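*Asks:* The transmembrane segment feature in TrEMBL is assigned to 12-36, 87-110, 131-152, 164-181, 188-207, 242-261, 282-304, 342-363, 391-412, 418-436, 443-465, 514-535 (among others).
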Amino acid sequence: MSNFVAPEVKKFVAWDYVVFAALFLVCASIGVFFAVKERKKKTSKEFLVGGKQMTCGPIAFSLTSSFMSAVTVLGTPSEVYRYGASFVLFFLSYALVIIFTAELFLPVFYRSGITSTYEYLELRFNKIVRLAATLIYILQTILYTGIVVYAPSLALNQVTGFDLWGSVVATGIVCTFYCTLGGLKAVVWTDAFQMTVMVAGFMTVLIRGTTLNGGTTKVWEDAYEGSRLNIFDFDADPLRRHTFWTIVIGGTFTWLGLYGVNQSTIQRCISCKSEKHAKLALYLNLLGLWTVLVCAVFCGLVMYSHYKSCDPWTADFISAPDQLMPYFVMDIFSSMPGVPGLFVACAFSGTLSTVAASINALATVTFEDLVKKGFPNLSEKMSTWISKGLCILYGVLCTSMAAAASLLGGVVQASLSIHGMCGGPMLGLFTLGIVFPCANWKGAIGGLLAGITLAFWAGTGSFIYPAPPAKSIPLQLSTLNCTLANSTEALTTAAPTAAPDRPSLADTWYSLSYLYFSAIGCLGCAITGLLISFVTGPSKGEDIPPVLIKPVCNLFCFWSERLKAFLWCGVQHDSQQVDFEKNLPKVIANKTGADDTFKKSINKENKCQFPGYNPEENSYTNMSRESRL
């Protein structure tokens with residue numbers, strides 16, 4: 001029971017609902033527009049990857065919008081409010097993630113002519129590895145998407161009075177509607193619109209909040225006095241929740257697992273008309289990521305300046321930290337009907353984009369990796385209808401998962417981390433394939449299992465036995481100027497005590513920063529996979545098409561041609577002419593259980609996407625080693 005009297009904060013009014021409804025209407029209209037415009041283009045490729053004719057601009061907007069979910073819009077300002085602005089160091093993590101994605105993973109995926117990233121795993125390893133990775137991706141994405149829908153809906157409901165299940169169902173229906181009607185093009189252009197709404201919502205809050213709290217200088221002074229600007233903490237302790245090293249190193253692994261090898265991201269990149277457009281989209285997207293990050297961090301600082309003397313979370317005006325941002329919005333815009341609706345539209349723009357990206361990616365993966373394998377002779381018309389049916393199916397499943405999330409209670413935060421714990425091992429699996437030619441399919445399977453085991457062991461243990469308060473305690477929050485109810489004593493919050501029977505690993509392994517879960521899974525997968533590959537007999541490099549391997553050793557061994565050739569493990573990177581018909585299709589044909597459909601996947605259309613391919617001579621000319629990296 002709170003010892004303080006909560007100030008009256010108004011709920012949603014008619015104009016707020018009008019502004020919010022306009023967002024859903026525009027999104028649905030975009031789906032109808034592309035359904036009508038593309039009605040004569042009925043191929044599954046056009047539906048799932050936009051016919052591979054997209055340009056860098058809308059793809060960049062779409063990537064940023066999908067990457068920044070409502071969890072970011074609501075969670076990052078709260079994180080800065082409670083723990084300080086060190087979260088801004090993620091701008092370094094984002095930069096590293098984009099560089100690795102654009103220069104390491106994207107070239108291999110794009111030149112392979114694939115539609116699903118998991119097609120690569122069969123090309124590189126075999127069908128078993130592909131199927132295992134596909135099933136893991138489907139399960140984690142359904143679960144994560146359900147949480148992404150439910151968590152912001154719950155936070156907004158408890159503060160604004162916005163109907164909980166109305167927003168959950170509306171989100172599911174609208175996303176499914178425009179994904180099913182318009183395919184990837186509708187998703188991409190809707191994401192671009194949602195990105196502008198997201199930034200507009202942030203800017204509105206920043207301008208109003210800064211004005212009410214005395215201007216930028218005053219906000220900055222309050223943040224400095226409240227120790228919110230102590231950004232650079234170089235403590236190497238991996239148990240500390242956020243330091244420079246955990247954010248830059250752990251954050252890079254975490255977001256690279258969710259970004260560099262994630263189907264929803266790569267699907268957008270390979271929908272570009274050229275590899276150059278795809279890379280440019282990623283680098284433009286980095287600017288968008290930085291913009292949203294800076295907006296969210298400054299919103300947290302403005303919010304701290306506003307509540308520095310009466311913290312609504314400590315005073316029990318709200319029940320969870322994620323409600324801080326919507327509470328702040330309803331507080332400062334109480335006299336401006338319609339503006340809170342803009343912020344809710346901002347938050348749900350992140351949700352809509354993430355859910356739509358997930359639905360489209362799930363439909364693509366299921367169709368390419370499961371349906372086409374079981375039914376290889378489907379007509380294009382039937383393939384398109386099945387793709388649309390899969391969008392509806394996954395829309396229903398993700399919305400239903402949101403309903404299940406309401407029963408999870410305290411496990412919701414644990415479920416959010418599943419995405420990271422699965423992303424790390426998947427990153428390790430693709431790294432094995434792309435960087436290490438010696439890795440074989442047995443090492444890939446063994447490494448994937450080891451990575452998932454290690455990541456879930458550390459992650460699950462951290463939720464059962466939380467880290468000691470000293471490693472993750474928030475900065476000082478005051479209730480000095482809050483209005484007392486029936487007591488003249490200030491509210492005191494007892495520090496949480498450790499469980500009496502904590503195991504020996506509780507204060508070490510289980511107390512690792514959550515940002516290291518992905519790194520544990522990735523490194524565990526890669527190291528185990530390499531060991532198993534060497535024990536069982538490494539792959540022969542001459543049997544692997546160079547296009548499936550990125551020779552990163554060239555960067556470090558530029559001074560020695562002999563050492564480079566040794567580290568290529570037999571892969572013919574130095575060959576000026578690589579005969580396609582004797583290379584990539586040969587590998588596919590030799591894969592255990594490879595079917596006729598997959599053998600035909602490397603056709604003339606796909607070949608033409610590879611730089612240096614001459615369709616008249618039916619051959620592929622590699623770029624020089626210098627230009628490859």
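Placed from the backbone N, Cα and C atoms, the Cβ positions cover glycine too.
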*Asks:* Cβ pairs under 8 Å only, please: of the recorded stretches 12-36, 87-110, 242-261, 418-436, 443-465, which one is richest in them relative to the transmembrane segment (188-207)?
*Replies:* 12-36
*Asks:* With CB pairs under 8 Å as the measure, which of the listed stretches 12-36, 164-181, 242-261, 418-436, 443-465 comes out on top against the transmembrane segment (131-152)?
*Replies:* 418-436
*Asks:* Going through 12-36, 87-110, 164-181, 242-261, 418-436 one by one, which has the most CB pairs that fall under 8 Å from the transmembrane segment (443-465)?
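*Replies:* Most contacts with the transmembrane segment (443-465): 418-436.
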*Asks:* Would you say the transmembrane segment (12-36) and the transmembrane segment (418-436) are touching, if the rule is that at least three C-beta pairs must lie under 8 angstroms and be 6 or more residues apart?
*Replies:* no
